[in-house]
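Undergrad: There's a structure below that I have some questions on.
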Amino acid sequence: MDPLFTLAGFVVGLCVGLTGVGGGALMTPILVMGFGIPAALAVGTDLVYAAITKASGVWFHGRKASIRWRLVAHLAIGSLPAALITVVLLDQMVPNGSQERLISLALGITLMFTSLILLLKERISRGVLTNRSRVAGWIRRHRSRLLVLLGALLGVLVTLSSVGAGALTAAILFLLYPRIPAIAIVGTDLAHAVPLAAVAGAGHLQLGNVDLILLGSLLLGSIPGTALGSQLGIHLPEQLLRRGLAGLLFLTGLKFAF
């Protein structure tokens, strides 16, 4: 195992503990830009990494009864088939030379979108809670179907980029169900992220896009890093951390996309 990868896992775990932003938005760019790992291999390894690291969070939230399983089911109905279809299309219809470019483009776009969600989170929160327009009423009436459709979009994006299972899912849940407590949003988000990352990761494993030795090195560092970050995060200004991280993600996304 390479100690530099373990250090990278520790740094990402620390950032996740401090900000709550999922590891995919941080880990994949570090592997590609910092270590020169091909984007497809970085995405596949990160998906398996996410499925393992987030499983403990599901256990915790399950014990606290802070998971809305009906919403998890609606998301999964859309996301899991979409993830499988995306893997099959990558394997059967996208030439090997084009896979790397497609994954890099998807990674860049998803990173930029995630950064905007982080920056506008508070403004969106206020707008959703006070909106009484016809559009808002229509969304509330059809939100179960919308959740399935948006789950499918998430399935595609997460499979291609390994980004979005955390921040984007949480944003979707809050937009459609603004009255749900924050802890239930987090628990539901995690409960959906684990099977989605597992299915997409298994697909990438089948395509040869998972490095198990790299995976072990990352896990060795990320577990203590997340624990330390969670403790430090209590004493640091979350808003400032999120803004700084959002700016970094946006610039990184631009580099991948263009």
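Glycine is treated like the rest: Cβ placed from N, Cα and C.
Annotations per TrEMBL:
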TRANSMEM  30-50  transmembrane segment
TRANSMEM  71-90  transmembrane segment
TRANSMEM  102-120  transmembrane segment
TRANSMEM  146-174  transmembrane segment
TRANSMEM  180-200  transmembrane segment
TRANSMEM  212-234  transmembrane segment
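I would like each feature placed in context: is it buried or exposed, what are its neighbours, and how far apart are things?
TA: Sequence-distant contacts of the transmembrane segment (71-90) (same chain, six or more residues past either end, CB-CB distance under 8 Å): 99, 102, 144, 147-156, 158-160, 169, 173, 177, 188, 191-192, 195-196, 199-200, 203-204, 206-207.
Nonlocal intrachain contacts for the transmembrane segment (146-174), taken as residues 6+ away from its ends with a CB within less than 8 angstroms of a stretch CB, comprise 21-25, 27-28, 42-44, 46-47, 50, 71, 74-83, 86-87, 90, 102-103, 106-107, 109-111, 113-114, 117-118, 121, 124-125, 128, 139, 180, 185-186, 188-189, 192-193, 196-197, 200, 203-204.
Same-chain residues lying 6 or more positions outside the transmembrane segment (180-200) and placing a CB less than 8 Å from one of its CB atoms are 20, 22, 47-48, 50-51, 54-55, 57-58, 61-62, 64, 66-69, 71-72, 75-76, 79-80, 83-84, 86-87, 151, 154-155, 158-159, 162, 165-166, 169-170, 173-174.
Sequence-distant contacts of the transmembrane segment (212-234), counting only residues of its own chain at least 6 positions beyond either end whose CB sits under 8 Å from a CB of the stretch, comprise 1-3, 5-20, 23, 27, 31, 37, 45, 48-49, 52-53, 241.
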Undergrad: Short question: which residues 6 or more past the ends of the transmembrane segment (102-120) have a Cβ under 8 Å from it?
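TA: For the transmembrane segment (102-120), the far contacts come to 21, 25, 28-29, 32, 39-40, 43, 90, 94, 157, 160-164, 167-168, 171, 242-243, 245-250, 252-258.
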